[in-house]
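What TrEMBL lists as transmembrane segment is 20-39, 59-77, 89-108, 114-134, 146-167, 173-196, 303-322, 370-386, 392-409, 430-451, 457-478.
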Amino acid sequence: MAASVVHEARYRRVPPEGGWGLLVGVGMAMMFVVTLGSLPSFGLMFGDFLTELGEETSAIALITSCFFSALSFAGLFTNTLMKKTSCRTVGLIGAVSYIIGSMMTIFVRSTNELLISFAVFQGAGFGLMIPVSYTTFNAYFVEKRVVMMSVAQTLIGLGTMFYPIFIQRSMDAFGFRGCMAVLAAINSHTLLAMLVMHPVQWHMRRVPLDATSTVEYGPVPTATITEEKPKTEDDFQELPAGQGLIQRNTKLRGSRRASSIPGLGNWSGPVVVSDSTERDTKPATKWQILVDFLDLTLLKDPIYVNIVLGISFALYSDLAFFTLQPMYLFMLAFSKADVSLIIAIGAGADLISRIFLAISSTCLNIKARYVYLAGALFTIVARFGFLCVFDFYGMAIVTAIMGFLRTWIHVPLPLVFSEYLPQERFPSGYGLFMFLQGNITFAIGPIVGYIRDVTGSYTVSFHCLTLVMALCVIPWFFEICYYRLKRKVRKGEPVKHVTIPMIQETKA
């Protein structure tokens with residue numbers, strides 16, 4: 001009898017790789033559809049309202065900048081909140097904040113009220129839900145993570161593709177405030193999405209020890225296995241979270257690594273901000289507290305600073321461009337139906353690009369930073385073409401091209417940092433990026449809107465945004481060229497010419 005009990009106790013708990021995890025994946029997709037879907041349609045939703053107030057472009061630029069600043073700051077402090085309360089609770093707080101902001105937009109009468117409701121409440125709520133969703137998803141899937149993330153990305157792409165058309169028809173049927181009420185009801189589904197983010201310990205599978213002894217586990221912020229061998233069922237249920245990851249073999253690759261580019265998901269928010277390893281937090285001064293919390297020593301690394309600045313400029317340029325695009329199309333006398341269809345075509349191209357990137361990343365070993373650089377470079381070229389077309393079909397084609405390239409800017413973003421930063425510095429390095437990116441967005445956000453109001457030209461504003469995108473491409477290009485030349489000189493190789501490699505042949 002005793003031997004039987006000991007025999008049954010020799011098992012480990014591993015992620016379910018399905019089961020309740022499927023609901024987690026659906027919940028994550030639902031959250032991103034209702035939050036990301038409204039961003040490209042901001043001008044479609046609030047364009048007429050802001051025009052009546054006489055604010056238009058400058059207000060759009062200010063509000064969207066504050067939205068992403070609030071998102072970045074909330075994402076930065078999510079890690080601290082997760083140490084004080086459960087991951088699911090943080091997500092529910094974010095969902096409630098987002099719903100409150102959505103309900104407040106029904107009654108807005110001024111730009112300041114819209115700034116508070118949309119930018120502050122919805123931005124902060126979105127920033128809290130992003131890391132919760134990724135952290136929980138990563139905990140439920142290890143071996144099937146890339147496949148399930150690709151499925152989730154497909155659902156997100158489908159949802160965001162039809163979102164502009166739905167908004168346009170709701171505006172026609174119910175008017176501005178009626179449409180805001182409908183969207184508030186839809187946004188309430190974020191609460192359901194966060195409710196399904198159960199701790200993975202509730203749904204662990206039992207497997208024999210021998211069956212999991214050689215499995216390499218990826219980034220699972222909450223514990224997936226434990227090295228202890230509980231003797232009873234009660235002992236097993238009381239195992240604390242975060243135990244198994246500490247005892248992994250040191251030869252295994254770090255938790256920051258992903259199997260491929262689509263395994264990390266969307267651009268927005270920290271993907272791995274909750275790490276089971278906590279740094280020593282006993283500094284002597286308040287300044288040292290800030291340095292330790294944000295890991296400011298990374299700012300001494302010129303390559304890291306170049307990556308942060310480049311991605312911050314590229315993200316702002318991309319988001320501001322697609323926010324102003326509907327207003328520009330309205331100025332060209334496009335109807336609301338045409339504008340919503342063009343936005344939907346861009347979202348559909350984004351979905352196709354996600355699928356393409358998922359498939360190609362399994363066949364080609366391409367560095368994420370080179371993918372990002374190529375996306376930014378080709379986007380600059382596509383924008384010049386965008387300003388040269390004025391008919392519906394031409395605009396739809398160019399928007400589809402930019403939508404396809406947009407995936408190359410957003411999806412590889414976290415992997416750019418995970419490729420460069422050491423394992424133990426990835427969470428703090430990514431958090432510092434979010435902090436700096438929020439400040440940069442807030443600082444330069446209103447500038448483009450001001451330029452549009454002063455010049456009265458969307459073309460000038462778009463050229464300014466293209467210049468901001470170039471602030472990513474040009475420094476990255478020179479950095480890559482410089483360090484390749486430097487390596488060749490050190491090796492004593494003759495320097496003939498410099499080319500930027502698009503495929504990484506070896507992997508550290």
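Counting starts with 1 at the first residue shown.
Glycine residues also receive a Cβ, built from the backbone N, Cα and C atoms like all the rest.
Caution: TrEMBL annotation is automatic and unverified by curators.
Only pairs six or more apart in sequence are counted, and the transmembrane segment (303-322) with the transmembrane segment (392-409) gives three or more Cβ pairs under 8 Å, enough to call it a contact. Take the transmembrane segment (59-77) and the stretches 20-39, 173-196, 392-409, 430-451: counting Cβ pairs under 8 Å, 430-451 has the most.
Remote same-chain partners of the transmembrane segment (20-39), defined as residues 6 or more beyond its termini with a Cβ less than 8 Å from a stretch Cβ, comprise 45, 64, 98, 122, 126, 129, 133-134, 136-137, 140-141, 148, 151-152, 155-156, 159-160, 163-164, 167, 183, 186-187, 189-190, 192-198, 202-203, 266, 268, 319, 322-323. Counting Cβ pairs under 8 Å that are 6 or more residues apart, the transmembrane segment (89-108) and the transmembrane segment (370-386) reach fewer than 3 and are not in contact. Within the chain carrying the transmembrane segment (173-196), a Cβ under 8 angstroms from the stretch's Cβ atoms is held by residues 20, 23-24, 26-28, 30-31, 34-35, 38, 45, 48-49, 88, 91-92, 94-96, 98-99, 102-103, 105-107, 125, 129, 132-133, 167, all 6 or more beyond its ends.
The stretch from 146-167, 370-386, 392-409, 430-451 that makes the most Cβ contacts under 8 Å with the transmembrane segment (457-478) is 370-386.
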